[in-house]
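A.B. asks: Provided herewith is a single structure, encoded as structure tokens, for subsequent inquiry.
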Amino acid sequence: MFEVEELPGSIIPYHSHSQEETVVVLEGALRLNVEENLSVVEEGQIAVIRENAVHAYASVGKNPARVLIGLSGGPLPASRETDPDDEPEEEFPYSL
């Protein structure tokens with residue numbers, strides 16, 4: 001498990017992992033897109049992303065998002081970025 005801080009408006013592009021990912025928002029909020037299903041994960045909330053699910057997220061709001069990220073099954077594997085041609089047509093992130 002590791003902690004990251006994402007500045008408002010920062011985007012983590014579409015990617016996937018071979019392991020389940022758990023995202024715990026400690027401060028701020030994230031707009032999460034998991035296989036075109038959008039949600040906002042706010043302070044104190046947890047999102048679990050199944051293995052191999054294509055996902056992206058952005059820090060939304062006025063303050064940075066402080067987030068704990070954990071992957072099941074051991075050390076952090078390399079993530080796989082998706083082909084930009086395979087990404088959804090709509091822009092990400094969506095406004096709140």
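Backbone N, Cα and C define each Cβ position, glycine as well.
Where the annotation comes from TrEMBL, it is an automatic prediction and has not been curated.
According to TrEMBL:
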- 5-68: domain 'Cupin type-2' (DOMAIN)
- 72-96: region 'Disordered' (REGION)
- 83-96: compositional bias 'Acidic residues' (COMPBIAS)
A.B. asks: Using DSSP, break the domain 'Cupin type-2' (5-68) down into helix, strand and coil residues and give each count.
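C.D. replies: Its residues fall into 0 helix, 41 strand, 23 coil.
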A.B. asks: Need one number: mean pLDDT over the domain 'Cupin type-2' (5-68).
C.D. replies: 96
